[in-house]
Amino acid sequence: MVKSSSAFTCTACGAAHKKWAGRCDACGAWNTIIEEAPLSRGPGRGLGAAKGRSIALAGLTSDEPALPRAQSRMAELDRVLGGGLVPGSAILVGGDPGIGKSTLLLQAAAAFARVGLNAVYISGEEASAQVRMRARRLGLSDAPMRLGAETNLRDILTTLDQERPDLAIIDSVQTLWADHVEAAPGSVAQVRAAAHELVTFAKRRGVAVILVGHVTKDGQIAGPRVVEHMVDTVLYFEGERGHQFRILRSVKNRFGPADEIGVFEMTGAGLAEVANPSALFLSERGQPVPGSAVFAGIEGTRPVLTEIQALVAPSTLASPRRTVVGLDSGRVSTIIAVLEARCGIPFAGLDVFLNVAGGMRVNEPAADLAIAGALLSAREDSAFPPEAVLFGEISLSGALRPVAGVENRLKEAQKLGFSQAIIPEGQKVEGLDGISVMRIADLTGFVGELFGAG
Ligand code: TYD
Ligand code: MG
């Protein structure tokens, strides 16, 4: 048997390689592969050589009471956590540098401390005095939480083991330094080792641990995507720098629904919760203008209305621009192709700009119809009726497919004063009046109904 004494890992994407190479096959980055000592040799040569300890097996039912979740009274945070903080859970909060992670987690620590949890916030990036100053500015000084400033993992674990808090926040995982791993802080090997130790500690001692992680430009937690697999819950804190809105999104949650969002607004005094995001995202809408379509979406369990904005202009470029913010650009290309092929509406020679108002991100396929609507409205220079919302998935044939959660979408639209909805023909709607529904079979029909062509 070949004995492997070392392994190679890409520091950019975390992919494992058998041997060193100048370029990582997985992500294409150059000079990112480093040699690492393996984490463990496993059972070794021949399973009989060293016997393991036998583990206790148990049934599915038990008399232990269900662990109570702790509610922070920050409703937006509790929702994203799936109804509160689960004791002993490991959570990763990722986001761009400067988006507000430290602010959010300092507020979260204070909120949990105020409801009686023993909360500890350990910063590897700022001195305690700096954190204290920020806490004062956020009006949190009276919260019974404690601060630490440390990057040495061994010291942090020893401290947490003595203190046994209910919640430990580590800001950030990239600053941690595990002295048993020979690699620089922030490297894949260090981050993986530190996250592994902290997650193991969380499970063993029943301490909820929140790890903060900086994300690289392409949206991966810098280096180690491995951390995502280790933790129970992965939350992303996102938003556009120029906008004050911030969205906390659960992309993985072992204790609740994924794709749940919490909406916050960055103010001079920290993050304020936004209880009605639809009203906020639509607040900038003025007179009806061409290129604007209101999408009735669902984020997690909550309906959220957003405005999709398009601009279509003659292009001077050989390959016209397709600039997309807040939507999946592959999806947008598909919709443009369907409009061209099935409805005979060319976009060649035209620059297309698309975005979601307010810095929101929309990933649902149900947004297809609103995207097509915004594109057509911009191209034909004809505004939508301002009282209409749209949703529906577009198939490659141009047909509209029904989507889930229709009652929720329509109720939210009605609540915000919309009186008309444009939806797929096959969509079943039960028990809703007060909103008139226009049913559309396919994209050609849609063009014909709304833009008098097709
Ligand atoms: P921070 O929480 O330090 O970001 P991260 O930890 O994700 O790097 O937030 C930094 C930004 O937030 C900074 O540019 C200033 C802004 N901010 C406010 O607008 N209001 C506030 O009350 C605070 C504390 C920060
Ligand atoms: Mg920070």
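Each Cβ is built from the backbone N, Cα and C atoms, and glycine gets one as well.
Residues or ranges marked as domain 'RecA family profile 1' by TrEMBL: 66-215. If you look up TrEMBL, you'll see G95, D96, P97, G98, I99, G100, K101, S102 marked as ATP binding site. The motif 'RadA KNRFG motif' annotation in TrEMBL covers 252-256. Sequence annotations record features per position, and here TrEMBL assigns region 'Lon-protease-like' to 351-454.
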Can you check which residue among the binding-site residues G95, P97, G98, G100 has the largest number of Cβ atoms within 10 Å of its own?
G95
Give the helix, strand or coil assignment DSSP yields for P97 (ATP binding site).
coil
Near I99 (ATP binding site), which residues of its chain come within a Cβ-Cβ distance under 8 Å, counting only those 6 or more away in sequence?
F237, E238, G239, R241, R246
Should we count any of the binding-site residues G95, D96, P97 as near ligand 2, judged by a CB under 6 A from one of its atoms, and which?
none
All-chain count of other Cβ atoms within 10 Å of K101 (ATP binding site):
25
For the ATP site given as G95, D96, P97, G98, I99, G100, K101, S102, which other residues of the same chain have their Cβ within 8 Å of the site's Cβ centre?
H214, F237
Helix, strand and coil totals (DSSP H, G, I; E, B; other) for the region 'Lon-protease-like' (351-454):
38 helix, 25 strand, 41 coil
Secondary structure composition of the domain 'RecA family profile 1' (66-215) [DSSP: H/G/I, E/B, coil]:
62 helix, 32 strand, 56 coil
At 10 angstroms around each C-beta, which of the binding-site residues D96, S102 has the fewest other C-beta atoms nearby?
D96
